[in-house]
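Everything on this sheet refers to the single structure shown next.
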Amino acid sequence: MGQCLRYQMHWEDLEEYQALTFLTRNEILCIHDTFLKLCPPGKYYKEATLTMDQVSSLPALRVNPFRDRICRVFSHKGVFSFEDVLGMASVFSEQACPSLKIEYAFRIYDFNENGFIDEEDLQRIILRLLNSDDMSEDLLMDLTNHVLSESDLDNDNMLSFSEFEHAMAKSPDFMNSFRIHFWGC
Amino acid sequence: MSESSASALQLGRPSRQPAVHPENLSLDASCFSSPPVNFLQELPSYRSIARRRTTVHSRDKQSGTLLKSTDSYSSQLEDRIAENLSSQSLRNYALNISEKRRLRDIQETQMKYLSEWDQWKRYSSKSWKRFLEKAREMTTHLELWREDIRSIEGKFGTGIQSYFSFLRFLVLLNLVIFLIIFMLVLLPILLTKYKITNSSFVLIPFKDTDIQCTVYPVSSSGLIYFYSYIIDLLSGTGFLEETSLFYGHYTIDGVKFQNFTYDLPLAYLISTIAYLALSLLWIVKRSVEGFKINLIRSEEHFQSYCNKIFAGWDFCITNRSMADLKHSSLRYELRADLEEERIRQKIAERTSEETIRIYSLRLFLNCIVLAVLGACFYAIYVATVFSQEHMKKEIDKMVFGENLLILYLPSIVITLANFITPMIFAKIIRYEDYSPGFEIRLTILRCVDVMRLATICVLGVHAVSKITSGLSVSLTLFWFQCWETQVGQEMYKLMIFDFIIILAVTLFVDFPRKLLVTYCSSWKLIQCWGQQEFAIPDNVLGIVYGQTICWIGAFFSPLLPAIATLKFIIIFYVKEWSLLYTCRPSPRPFRASNSNFFFLLVLLIGLCLAIIPLTISISRIPSSKACGPFTNFNTTWEVIPKTVSTFPSSLQSFIHGVTSEAFAVPFFMIICLIMFYFIALAGAHKRVVIQLREQLSLESRDKRYLIQKLTEAQRDTRN
């Protein structure tokens, strides 16, 4: 009936989530709160699911240009269970290790999901980042070429996962910018 | 498959020049099209990397969780995987939670096969890790201003947030410096004051100095007007002069405890050295990450396109207007980078006569810059002299306002100079025709290094010259009596004035400007002017200036770090308020990574420039005879040789040996040899990396060629 109670989560579950994710205790409880506010009333939180639209409209993701990709990568069969949301928050938390972030960043940026970031993916990334209507072809091609010349080590016009990993390990901003605070408390 | 290869060709091969490939010219262009992606996904290299990333082998048939098929090298893999399972934490796997749960169950069943010792090792390492996590969670609660900085990050991005993190770091640094000084110097004095311990006071040697030098007259009491208290508070004279704020108060020579005598002069000197060393170590530690990255990418531009495109978006932004600003700043930044690339190419194509013209113009303009700086330094020097000469006039002989003005004349001149010179430099640099990135860096360099920090050196030089010159007998006497307190007072005045200026600018300039823009926005002029931008470089320079004053002044005025802590705390809230309500964020982007390294570099330069006057005053300038803990010594540094001479003789000879030339020169030569070795090693590694990269691209071309041939062969057999 109505909204589920806050302390519905058992202590063992909380411990398990703390052991399996990078989130702290408070963060898990806050996400639990947010999840319960959004999920349909009356359901046990472990069985409830959220749609991709609901997750896209969370304040943390609302203005993110890659929110549709984030939702696609972290959801299962088009819906988010509570554990999916936790997994997403864990990857984007401050304490997450770089290899995990690089892995999911690769999946997010791979728009056509062929296991490589090719020119088409790069152009789509740039368009999303710049968010402007008057983008000249030359500018796009220039930028794409620069990115590929810097990180494409084997000259095949695509970034494989190793090349992406190598580029992100050298990038000074990556760890700072690939962070989302999912809770408002 | 042929369609995808055709479409790959149609995507338009850009004119990317690969590094050095002479074979390029001989083979046919069709060999270099991108092979179909599904072919690449079948390659063993792709598969093994994919396996490493996401899934885990399992040979535990009893639990029935066979996640993916194993290789033919199963036995070797199993051992390696068992090791990997035990060493890597579960969280690092890119799996969702239910799969991690399964993995954990597998791990627990596998534990049964391990020996007792291994089990105990894994258990203890797990509990240790859990303990560390709990401790880390506790410490994050203690973090100062965590929520404020998080909300700033969400609203304004990581560039501005890095400024506030830097401010927080300075607050902590000053607090720790104050704690050091408190423990070493203030605590024994407090113990003495409350009669907990006995102590001996400093003996003034009557024999070999003039009686006049040993008497230090403090300003007389009598009829004191109310405003004199305010003047005293603002300039550190009068009632503040005798307090523990300044060096002159510390006259205790040794504090007697039960077993030993605590040597206060030694402790005073050690506290100075300790806080300088601590600041240096802490700054270097914090800047190591940025520096390491800078070292790795030695051949590339610091801001690379990969970094800007893949890590360009701050995922933590939650504000719609900030997101729009971020989009526009990214547009600006990427366009500026491409523009800079074009300018750099243009510069490379300059003819020789153009180069000569540009260089001679630059030389001329640099001379102008030096002339401007020289004029400013001279003006500051004259102002300081004038102010010192008039400082000792009777208070009631002068008008209040005039008195204050003369007292603060050096600070006013310094602030004016700091205000005018950036504008002049900005005009000059436009004619020098540098690339935009270099232009920004050179402007900041000129403003920071030469202007703000060298003014402090000018003050120091002035102080030295006062003592060694014979300007006038009474003045020399006055300085000789207690010059450290004078310098301390100057530093105190600079710090207070800096603080007042920051508050005044925020309250009386930015706030009315914002009110004007909000309510009188119909006027064109106001609209063009706009709100104040939150300019990060200026703000950073301001607080580095304050911190440098604190470092220099802490020797002469031990309570100055505490004042600096309070000042920075208040500045944090004032700046936060100003950011939220009166300023708009600058459309020019400022990246967090670049910022952190830049802030710490500027701070390090400030520290080095602060150490110079301190070392000169500690080791060269004779300490004053009428006040302070060092009246028995010729210079402040003399405490150390005197202490060393009280050590046992073996330790003494050891210390003498270590500090002699016979040790220093071979030591220096060995260090040089080690450095040469590492430079050679780095050069060799770099060459190997270049060779491997070339080899990698050759291998990839072979791979594509073979795949092409395979595709054609398959097509032929099918037809």
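Any Cβ shown, glycine's included, is placed from N, Cα and C.
Just so you know, TrEMBL annotations are computer predictions that nobody has curated.
What TrEMBL records for B:1-21 (among others) is region 'Disordered'.
Here TrEMBL flags B:51-70 (among others) as region 'Disordered'.
Residues or ranges marked as transmembrane segment by TrEMBL: B:169-191 (among others).
Under 8 Å from some Cβ of the transmembrane segment (B:266-284) lie the Cβ atoms of residues 173, 176-177, 180-181, 184-185, 188, 250, 551, 554-555, 558, 561, 600, 603-604, 607, 610-611, 614, 618, 629-630, 636-637, 639-640, 643, all in the same chain and six or more residues away from its ends. The annotation transmembrane segment is assigned in TrEMBL to B:266-284 (among others).
Per TrEMBL, the feature transmembrane segment maps to B:363-386 (among others).
Per TrEMBL, transmembrane segment is recorded for B:406-429 (among others).
Look at TrEMBL and you will find B:482-593 tagged as domain 'TMC'.
Residues annotated as transmembrane segment in TrEMBL: B:491-509 (among others). Taking Cβ pairs closer than 8 Å, the transmembrane segment (B:491-509) reaches residues 234-236, 245-246, 407-408, 411-412, 414-415, 532, 542, 545-546, 549-550, 552-553, 556-557, 560, 563-564, 567, 570-571, 574-575, 577-578, 582 in its own chain, all 6 or more past its ends.
The feature transmembrane segment is assigned by TrEMBL to B:597-616 (among others).
If you look up TrEMBL, you'll see B:663-684 (among others) marked as transmembrane segment. Within its own chain, the transmembrane segment (B:663-684) has Cβ neighbours under 8 Å at 657, counting only residues six or more beyond its boundaries.
Long-range neighbours of the transmembrane segment (B:169-191) within the same chain, counting only residues 6 or more positions beyond its ends whose Cβ lies under 8 Å from a Cβ of the stretch, are 144, 197, 199, 244, 250, 252, 255, 262, 264, 267-268, 270-271, 274-275, 278-279, 282, 286, 543, 547, 550, 554, 558-559, 561-562, 564-565, 568-569, 572. Confidence annotation: the domain 'TMC' (B:482-593) carries a mean pLDDT of 80 in the model.
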